[in-house]
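Summarising the annotation, Swiss-Prot assigns domain 'CN hydrolase' to 10-277 and lists sequence analysis as the type of evidence. What Swiss-Prot lists as active site, proton acceptor is 50, and the listing cites sequence analysis. Per Swiss-Prot, the feature active site, proton donor maps to 137; the stated evidence is sequence analysis. Annotation source Swiss-Prot lists active site, nucleophile at 171.
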(Lines of atoms letter the chains of each structure in order from A and count residues from 1; the text may use other names and numbers.)
(Lines give C-alpha, C1' and ligand atoms only; values in the text may rest on other atoms or scores of the structure.)
Protein backbone atom coordinates (compact mmCIF):
# COMPACT_ATOMS: atom_id res chain seq x y z
CA UNK A 1 0.00 0.00 0.00
CA UNK A 2 1.26 3.47 -0.85
CA UNK A 3 2.07 5.62 2.17
CA UNK A 4 -0.18 8.68 2.03
CA UNK A 5 2.49 10.62 3.93
CA UNK A 6 5.18 9.74 1.43
CA UNK A 7 7.01 12.79 0.07
CA UNK A 8 7.06 13.00 -3.71
CA UNK A 9 10.66 14.18 -3.64
CA UNK A 10 13.19 14.44 -0.84
CA UNK A 11 16.92 14.95 -0.43
CA UNK A 12 19.28 12.06 0.36
CA UNK A 13 22.91 12.21 1.43
CA UNK A 14 25.86 9.86 1.01
CA UNK A 15 28.74 10.43 3.40
CA UNK A 16 32.29 9.89 2.13
CA UNK A 17 34.58 10.23 5.12
CA UNK A 18 37.27 8.42 7.09
CA UNK A 19 36.40 6.77 10.35
CA UNK A 20 38.81 6.39 13.26
CA UNK A 21 39.97 2.76 13.15
CA UNK A 22 41.32 2.98 16.70
CA UNK A 23 38.17 4.31 18.41
CA UNK A 24 34.62 3.28 17.65
CA UNK A 25 33.28 5.99 19.93
CA UNK A 26 35.20 8.71 18.06
CA UNK A 27 33.86 7.29 14.78
CA UNK A 28 30.31 7.29 16.15
CA UNK A 29 30.69 10.87 17.33
CA UNK A 30 32.00 11.89 13.91
CA UNK A 31 29.08 10.10 12.27
CA UNK A 32 26.63 11.92 14.54
CA UNK A 33 28.12 15.27 13.56
CA UNK A 34 27.90 14.33 9.87
CA UNK A 35 24.26 13.27 10.27
CA UNK A 36 23.52 16.67 11.79
CA UNK A 37 25.38 18.40 8.96
CA UNK A 38 23.56 16.45 6.25
CA UNK A 39 20.19 16.97 7.91
CA UNK A 40 20.97 20.67 8.23
CA UNK A 41 21.38 20.72 4.45
CA UNK A 42 17.93 19.16 4.09
CA UNK A 43 18.74 15.44 3.88
CA UNK A 44 16.11 13.03 5.21
CA UNK A 45 18.18 9.93 4.46
CA UNK A 46 21.91 9.57 5.26
CA UNK A 47 24.06 6.63 4.12
CA UNK A 48 27.56 5.84 5.47
CA UNK A 49 30.33 3.50 4.24
CA UNK A 50 31.06 -0.10 5.15
CA UNK A 51 32.69 -0.63 8.56
CA UNK A 52 32.55 3.06 9.43
CA UNK A 53 32.28 2.21 13.12
CA UNK A 54 34.92 -0.37 14.02
CA UNK A 55 37.07 0.30 10.99
CA UNK A 56 38.09 -1.42 7.76
CA UNK A 57 41.62 -2.89 8.27
CA UNK A 58 42.87 -2.19 4.75
CA UNK A 59 46.19 -3.85 3.94
CA UNK A 60 46.48 -5.90 7.14
CA UNK A 61 47.28 -9.61 6.73
CA UNK A 62 46.59 -10.45 10.40
CA UNK A 63 49.75 -12.55 10.32
CA UNK A 64 48.10 -15.43 8.54
CA UNK A 65 50.03 -16.95 5.64
CA UNK A 66 48.55 -20.25 4.51
CA UNK A 67 49.02 -22.87 7.21
CA UNK A 68 50.21 -20.40 9.85
CA UNK A 69 48.83 -17.92 12.38
CA UNK A 70 51.56 -15.68 13.78
CA UNK A 71 51.38 -14.29 17.34
CA UNK A 72 51.36 -10.72 16.03
CA UNK A 73 48.32 -11.59 13.92
CA UNK A 74 46.47 -12.87 16.96
CA UNK A 75 47.26 -9.62 18.73
CA UNK A 76 46.07 -7.63 15.70
CA UNK A 77 42.78 -9.51 15.86
CA UNK A 78 42.48 -8.84 19.59
CA UNK A 79 42.86 -5.12 18.98
CA UNK A 80 40.33 -5.25 16.14
CA UNK A 81 37.90 -7.16 18.37
CA UNK A 82 38.33 -4.48 21.04
CA UNK A 83 37.41 -1.78 18.49
CA UNK A 84 34.22 -3.59 17.43
CA UNK A 85 30.87 -2.72 18.99
CA UNK A 86 28.03 -4.35 20.86
CA UNK A 87 24.62 -3.27 19.65
CA UNK A 88 23.58 -2.23 23.14
CA UNK A 89 26.62 0.03 23.49
CA UNK A 90 27.22 3.76 23.57
CA UNK A 91 28.15 3.94 19.88
CA UNK A 92 24.68 2.79 18.83
CA UNK A 93 23.13 5.18 21.35
CA UNK A 94 25.15 8.02 19.82
CA UNK A 95 23.90 7.34 16.29
CA UNK A 96 20.34 6.79 17.49
CA UNK A 97 20.40 10.14 19.29
CA UNK A 98 21.60 11.94 16.16
CA UNK A 99 18.92 10.26 14.05
CA UNK A 100 16.28 11.19 16.62
CA UNK A 101 17.44 14.80 16.87
CA UNK A 102 17.39 15.30 13.11
CA UNK A 103 14.66 12.88 12.01
CA UNK A 104 17.06 11.47 9.41
CA UNK A 105 16.79 7.79 8.51
CA UNK A 106 20.39 6.57 8.76
CA UNK A 107 22.20 3.54 7.32
CA UNK A 108 25.72 2.96 8.64
CA UNK A 109 28.31 0.21 8.44
CA UNK A 110 29.87 -1.20 11.60
CA UNK A 111 31.89 -4.10 12.91
CA UNK A 112 29.52 -5.95 15.22
CA UNK A 113 30.86 -8.11 18.02
CA UNK A 114 29.05 -11.23 19.22
CA UNK A 115 31.16 -13.10 21.73
CA UNK A 116 34.33 -14.13 19.86
CA UNK A 117 33.01 -13.51 16.35
CA UNK A 118 32.92 -10.25 14.40
CA UNK A 119 30.40 -9.40 11.70
CA UNK A 120 30.47 -6.71 9.04
CA UNK A 121 27.04 -5.22 9.59
CA UNK A 122 24.84 -2.44 8.25
CA UNK A 123 22.62 -0.80 10.87
CA UNK A 124 19.33 0.96 10.16
CA UNK A 125 18.16 3.86 12.33
CA UNK A 126 14.73 5.43 12.14
CA UNK A 127 14.63 8.91 13.63
CA UNK A 128 11.54 8.16 15.69
CA UNK A 129 12.25 4.54 16.68
CA UNK A 130 16.02 4.29 16.97
CA UNK A 131 17.79 1.14 15.78
CA UNK A 132 15.20 -0.80 13.77
CA UNK A 133 17.31 -3.55 12.25
CA UNK A 134 20.54 -4.79 10.77
CA UNK A 135 22.02 -6.70 7.87
CA UNK A 136 25.03 -8.92 8.48
CA UNK A 137 27.24 -9.39 5.45
CA UNK A 138 26.55 -12.85 4.04
CA UNK A 139 29.85 -13.38 2.28
CA UNK A 140 33.07 -11.67 3.34
CA UNK A 141 35.56 -11.42 0.49
CA UNK A 142 39.01 -13.04 0.40
CA UNK A 143 40.99 -12.13 3.56
CA UNK A 144 37.88 -10.70 5.20
CA UNK A 145 36.78 -14.29 5.80
CA UNK A 146 39.58 -14.68 8.34
CA UNK A 147 38.28 -11.89 10.59
CA UNK A 148 34.52 -11.72 9.93
CA UNK A 149 31.80 -14.30 10.42
CA UNK A 150 29.09 -15.07 7.85
CA UNK A 151 25.61 -13.62 8.24
CA UNK A 152 22.61 -15.89 7.77
CA UNK A 153 19.34 -15.39 5.93
CA UNK A 154 17.57 -13.83 8.90
CA UNK A 155 19.12 -10.37 8.43
CA UNK A 156 18.24 -9.35 4.89
CA UNK A 157 15.54 -6.77 5.65
CA UNK A 158 13.87 -4.16 3.50
CA UNK A 159 12.10 -1.52 5.58
CA UNK A 160 8.89 0.11 4.39
CA UNK A 161 9.22 3.80 5.20
CA UNK A 162 7.80 7.09 3.99
CA UNK A 163 11.11 7.53 2.14
CA UNK A 164 10.69 4.30 0.19
CA UNK A 165 11.57 0.67 0.81
CA UNK A 166 15.09 0.81 2.23
CA UNK A 167 17.62 -2.03 2.35
CA UNK A 168 21.37 -2.56 2.22
CA UNK A 169 23.78 -4.90 0.46
CA UNK A 170 27.43 -4.62 1.48
CA UNK A 171 30.41 -4.38 -0.89
CA UNK A 172 30.93 -7.53 -3.00
CA UNK A 173 27.63 -9.03 -1.87
CA UNK A 174 26.43 -6.83 -4.70
CA UNK A 175 27.95 -9.35 -7.11
CA UNK A 176 25.65 -12.10 -5.75
CA UNK A 177 22.76 -12.26 -8.26
CA UNK A 178 20.48 -14.27 -6.00
CA UNK A 179 20.86 -11.83 -3.13
CA UNK A 180 20.03 -8.96 -5.45
CA UNK A 181 16.96 -10.84 -6.68
CA UNK A 182 15.83 -11.36 -3.09
CA UNK A 183 16.11 -7.63 -2.45
CA UNK A 184 14.14 -6.85 -5.61
CA UNK A 185 11.44 -9.33 -4.57
CA UNK A 186 10.97 -7.32 -1.36
CA UNK A 187 10.23 -4.21 -3.39
CA UNK A 188 13.41 -2.34 -2.56
CA UNK A 189 13.38 1.20 -3.93
CA UNK A 190 16.26 2.70 -1.92
CA UNK A 191 19.18 0.30 -2.38
CA UNK A 192 22.07 1.23 -0.07
CA UNK A 193 25.51 -0.16 -0.90
CA UNK A 194 28.10 0.57 1.78
CA UNK A 195 31.45 -0.55 0.38
CA UNK A 196 35.23 -0.60 0.62
CA UNK A 197 35.61 -0.98 -3.16
CA UNK A 198 37.05 2.21 -4.63
CA UNK A 199 37.94 0.88 -8.07
CA UNK A 200 36.82 2.33 -11.37
CA UNK A 201 34.67 -0.76 -11.97
CA UNK A 202 32.45 -0.04 -8.96
CA UNK A 203 30.35 2.74 -10.47
CA UNK A 204 29.28 0.63 -13.49
CA UNK A 205 28.24 -2.07 -11.02
CA UNK A 206 26.04 0.42 -9.20
CA UNK A 207 24.53 1.64 -12.47
CA UNK A 208 23.78 -1.94 -13.47
CA UNK A 209 22.02 -2.61 -10.15
CA UNK A 210 20.00 0.58 -10.41
CA UNK A 211 18.85 -0.43 -13.90
CA UNK A 212 18.27 -4.06 -12.96
CA UNK A 213 16.33 -3.28 -9.79
CA UNK A 214 14.72 -0.07 -11.06
CA UNK A 215 15.74 1.48 -7.75
CA UNK A 216 17.82 4.35 -6.45
CA UNK A 217 21.31 3.17 -5.48
CA UNK A 218 23.29 5.04 -2.83
CA UNK A 219 26.85 3.78 -2.45
CA UNK A 220 29.26 5.08 0.19
CA UNK A 221 32.99 4.40 0.50
CA UNK A 222 35.50 5.88 2.91
CA UNK A 223 38.27 8.25 1.86
CA UNK A 224 40.95 6.88 4.16
CA UNK A 225 44.67 7.60 4.51
CA UNK A 226 47.39 5.47 6.10
CA UNK A 227 47.82 8.13 8.76
CA UNK A 228 44.47 7.19 10.30
CA UNK A 229 46.18 4.07 11.67
CA UNK A 230 48.97 3.87 14.26
CA UNK A 231 52.54 3.98 12.96
CA UNK A 232 53.09 0.31 13.90
CA UNK A 233 49.99 -0.87 12.01
CA UNK A 234 50.92 -3.61 9.55
CA UNK A 235 49.93 -2.43 6.08
CA UNK A 236 50.81 -3.94 2.72
CA UNK A 237 50.51 -0.46 1.19
CA UNK A 238 53.39 0.98 3.20
CA UNK A 239 53.92 3.36 6.11
CA UNK A 240 53.63 6.81 4.50
CA UNK A 241 50.80 8.55 6.40
CA UNK A 242 49.73 10.35 3.21
CA UNK A 243 49.15 7.13 1.28
CA UNK A 244 45.48 6.87 0.32
CA UNK A 245 44.20 3.44 1.32
CA UNK A 246 40.64 4.03 0.11
CA UNK A 247 39.90 6.84 -2.31
CA UNK A 248 36.12 7.01 -2.09
CA UNK A 249 34.10 6.87 -5.28
CA UNK A 250 30.75 7.31 -3.52
CA UNK A 251 27.76 8.01 -5.75
CA UNK A 252 23.99 8.20 -6.09
CA UNK A 253 22.31 6.63 -9.15
CA UNK A 254 18.69 6.83 -10.29
CA UNK A 255 16.48 3.89 -11.41
CA UNK A 256 17.44 4.32 -15.07
CA UNK A 257 21.16 4.29 -14.33
CA UNK A 258 21.79 8.03 -14.44
CA UNK A 259 24.44 9.22 -11.98
CA UNK A 260 22.91 11.98 -9.87
CA UNK A 261 25.92 12.66 -7.63
CA UNK A 262 29.57 11.59 -7.65
CA UNK A 263 31.69 9.68 -7.98
CA UNK A 264 34.13 11.70 -5.88
CA UNK A 265 37.76 10.65 -5.37
CA UNK A 266 39.25 13.87 -4.03
CA UNK A 267 38.64 13.56 -0.29
CA UNK A 268 35.97 13.68 2.37
CA UNK A 269 32.62 15.04 1.25
CA UNK A 270 28.86 14.63 1.49
CA UNK A 271 27.02 13.98 -1.76
CA UNK A 272 23.39 15.03 -2.13
CA UNK A 273 20.66 14.19 -4.62
CA UNK A 274 16.90 14.57 -4.87
CA UNK A 275 15.04 11.26 -4.67
CA UNK A 276 11.78 11.24 -6.63
CA UNK A 277 10.11 7.94 -5.77
CA UNK A 278 7.75 8.13 -8.75
CA UNK A 279 10.81 7.39 -10.90
CA UNK A 280 10.86 3.87 -9.46
CA UNK A 281 7.38 3.16 -10.81
CA UNK A 282 8.16 4.78 -14.14
CA UNK A 283 11.21 2.56 -14.45
CA UNK A 284 9.21 -0.61 -13.83
CA UNK A 285 6.95 0.16 -16.77
CA UNK A 286 9.23 -1.91 -19.01
CA UNK A 287 11.31 -3.94 -16.55
CA UNK A 288 10.48 -5.49 -13.16
CA UNK A 289 13.09 -8.13 -12.28
CA UNK A 290 10.92 -9.82 -9.64
CA UNK A 291 7.63 -9.19 -11.41
CA UNK A 292 6.57 -9.10 -15.05
CA UNK A 293 10.13 -9.73 -16.32
CA UNK A 294 10.86 -12.69 -14.01
CA UNK A 295 9.54 -15.84 -15.82
CA UNK A 296 8.83 -17.93 -12.69
CA UNK A 297 7.67 -20.76 -14.95
CA UNK A 298 11.34 -21.18 -15.90
CA UNK A 299 13.37 -19.77 -13.00
CA UNK A 300 12.60 -19.76 -9.26
CA UNK A 301 14.66 -18.65 -6.27
CA UNK A 302 14.24 -20.23 -2.83
CA UNK A 303 15.41 -18.11 0.11
CA UNK A 304 15.90 -19.53 3.61
CA UNK A 305 15.49 -16.61 5.99
CA UNK A 306 15.54 -18.63 9.20
CA UNK A 307 18.21 -17.76 11.80
CA UNK A 308 20.95 -20.40 12.06
CA UNK A 309 22.39 -20.93 15.51
CA UNK A 310 25.30 -23.21 16.35
CA UNK A 311 23.59 -24.30 19.57
CA UNK A 312 19.87 -24.58 20.23
CA UNK A 313 18.83 -25.45 23.77
CA UNK A 314 15.66 -27.39 24.49
CA UNK A 315 14.80 -27.18 28.18
CA UNK A 316 12.77 -29.85 29.90
CA UNK A 317 10.07 -28.73 32.33
CA UNK A 318 9.82 -31.03 35.34
CA UNK A 319 6.25 -32.04 36.04
CA UNK A 320 5.04 -31.17 39.51
CA UNK A 321 3.22 -33.80 41.55
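Note that the numbers count up from 1, one per residue, in the order the chain is shown.
Backbone N, Cα and C atoms are what each Cβ position is placed from, and that goes for glycine too.
Across the fold, the C-alpha of residue 50 (active site, proton acceptor) and the C-alpha of residue 171 (active site, nucleophile) stand 7 Å from each other. With a cut-off of 8 Å between CB atoms and residues at least 6 apart in sequence, the same chain places 119, 120, 121, 122, 148, 150, 151, 170, 171, 173 near residue 137 (active site, proton donor), listed in sequence order. Around the Cβ of residue 171 (active site, nucleophile), a 10 Å sphere holds 25 further Cβ atoms from the protein chains shown.
Neighbours of the residue listed as 'active site, proton acceptor', defined as other CB atoms within 10 A of its CB across all chains, total 27.
DSSP gives the residue listed as 'active site, nucleophile' a helix state.
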